[in-house]
Amino acid sequence: MKRSAFFISDGTGITAETLGQSLLAQFENVTFSKFTRPYIDSMEKARAMVQQINIAAEKDGHRPIIFDTIVNQDIREILATSNGFMIDIFSTFLAPLEQELSEHSSYSVGKSHSIGHNSNYMERIEAVNFALDNDDGARTHYYDKADLILVGVSRCGKTPTCLYMAMQFGIRAANYPLTEEDMERLQLPNALRAHKHKLFGLTIDPDRLTAIRNERKPNSRYSSYAQCEFEVREVENLFRRENIPHINSTHFSVEEISAKILVEKGVERRFK
């Protein structure tokens, strides 16, 4: 079955998209065509949105699923005239919260993502800059300021994981690629020894690593299965020898990898 899904907001659309994606992921037998539509903040835009939804309904033969975080009642009423199944995220969850807290919500657009109301904005930017500045072992003299240091073979997912933790949680994460020389010595490089308590290892299935490296350097020793299998085996031996906690990243999303790392290392998120 194929269905269309719209994530509609009068702000960035981040909330509607994040929650909507999580809910749709529970239906593995349905194929969704997904459309994010931020800043639907006027009745004119809402009417144009209704046309898009109705076209999708006619094309699919099923009414689209609509996740919205629209604040303006007039705009919501226009969207409700479409041939779509609407899930109003704010009204669904805010009403019972208001009852439980005996407090009316501000119901304001972009509340959780606006710079003016988010004291964590600068921490997020600083964490991202830290991840970029300390990527791929480029610098090691700032490791004393790191919350975490990810280690592993080249192209096993260290960089995207560091950036995700920086963006989402303000975690200052560096990453260091272990080289063939490190593997042969079966000991940590000098730059990492003083920070062993911050280390977390990522490993990966050799066949998956081969596929990833072939996209970057096809038909090279670097991307050969034999080389990938050797590096993964030796790095896992090093992790066990040095008692470094680690996980296999092959079958996990960056979100899942990040959550597992934070739990395993007991690192507190700077913001949630």
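Here the Cβ of each residue, glycine as well, is placed from N, Cα and C on the backbone.
For reference, Swiss-Prot has these:
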- Gly152, Val153, Ser154, Arg155, Cys156, Gly157, Lys158, Thr159: ADP binding site (BINDING)
Ask   = For Gly152 (ADP binding site), what residues in its own chain, 6 or more apart in sequence, show a Cβ-Cβ distance under 8 Å?
value = Lys158, Asn175, Pro177, Leu178, Gly201, Leu202, Thr203, Ile204, Val235, His246
Query = According to DSSP, which kind of secondary structure is Arg155 (ADP binding site) found in, if we only use helix, strand and coil?
reply = coil
Query = Around Ser154 (ADP binding site), how many other CB atoms lie within 10 A of its CB?
reply = 16
Task = Just jot down the residues in the same chain as Arg155 (ADP binding site), at least 6 apart in sequence, with C-beta under 8 A of its C-beta; none if empty.
result = Leu209, Ile212, Arg213, Arg216
Remark   = Counting other C-beta atoms within 10 angstroms, the emptiest spot among the binding-site residues Val153, Cys156, Gly157, Lys158, Thr159 is Thr159
Note = Counting only residues outside Gly152, Val153, Ser154, Arg155, Cys156, Gly157, Lys158, Thr159 in the same chain, those with C-beta within 8 angstroms of the ADP site's C-beta centroid are Asn175, Pro177, Leu202, Ile204, Ser249
